[in-house]
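The structure appears below as structure tokens.
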């Protein structure tokens, strides 16, 4: 079911203290968080390093600190983190992520922070390495159901190569997915993220699996197309509302029923159980009323002998002839003898955006030009936790990343200018040499 974590309220983030020694002022102060590495393993708070910490660990309870702890304790909330991955332990990621061997031509991933970054170690993620390849890799976690709960899927993606055609989306799979044979044919629950190809396709996919079919959001959601790292988040709520966020900003929202052209099972069950409208009954033919029905009030006579007389059957009564504006006495429009009711088993089915056995996350995509970096994966039921996790990871490195890119761009311009000047000087020298040679040749001919 994931690991429940303690999440401190905003008041606790505003003031530094000894609650979690390894977390800076701008970091999230959390309790025990699930490892993005192995199910059930403890991990450092988002964006921080060091040993396992608990809210209030190493806290001195003397003096004013007691008051500060009391304030924070009142604002502590619960969040469940099902999966979290930041790739902060080097090559150990290979013990958690499984490369599909379904096709020998599948491209390979490596751990890299790219050519420019905000922090060399914190910005390391899974990078595609080969052009013109399909990619398939996944990580498993403890299975859970999000029925009746909010589901947040969040990660960062960086098209450092300036993507021309290829995917940057993730897929959420059932727990029984075959990781070694992962491919485009593998069933998934959710597909979410950017897809770019040429001038026409620059969109964010949001595809949901419902009633054995895949359904795409009918809205056109534009994705980012530059070479910087961007934070993508999908929020699915039990009330069937949803949000798509990029870099912490809501770029699309609405209702799943409307934006996917689907009907909720709850609404279907309600409509099928509702009685037939009386106005429609009036339009029926008169002979529909000339039907017999069992007399529910009759009972077996006391002198009835089943061995001699056979099985007793209630007498049949006849409905009175239909008259416009007159409802048969004793028959209520809300009770029909032969009404076809929806089975109660349908109420146990999983509705839109509800999935029974979520257990893996993966990258299954195609890229013409490689170089994309995927990082900071998170699956949780808490929107605030996801927001704070994004701030503690992407939020801290986005600025330095752009600064490094700007510095590199200036250096490249400077280098190109110097090369042009060298070529120009070389051309002038060659021109003078050629002029001197011609003059010397003419002088010798005289």
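Note that Cβ sites are derived from N, Cα and C of the backbone, with glycine treated the same way.
Note: TrEMBL annotation is automatic and uncurated.
Listed in TrEMBL:
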BINDING   169, 171, 188, 195, 364  alpha-D-glucoside binding site
DISULFID  165-197  disulfide bond
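Where TrEMBL records a feature, it is marked here on the structure.
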| residue | record | contacts (Cβ under 8 Å, 6+ apart) |
| --- | --- | --- |
| 165 | disulfide bond | 196, 197, 198, 367, 368, 369 |
| 169 | alpha-D-glucoside binding site | 191, 192, 193, 194, 195, 205, 365 |
| 171 | alpha-D-glucoside binding site | 188, 190, 191, 192, 361, 362, 363, 364 |
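Binding of alpha-D-glucoside is attributed in the record to 169, 171, 188, 195, 364, and the widest Cα separation among these residues amounts to 17 Å. Shown are the binding-site residues 195, 364; the one with the most C-beta atoms within 10 angstroms of its own C-beta is 364.
Note on residue 188 (alpha-D-glucoside binding site): other Cβ atoms within 10 Å of its Cβ, all shown chains, come to 22. Counting every protein chain shown, the number of other Cβ atoms lying within 10 Å of the Cβ of residue 197 (disulfide bond) is 15.
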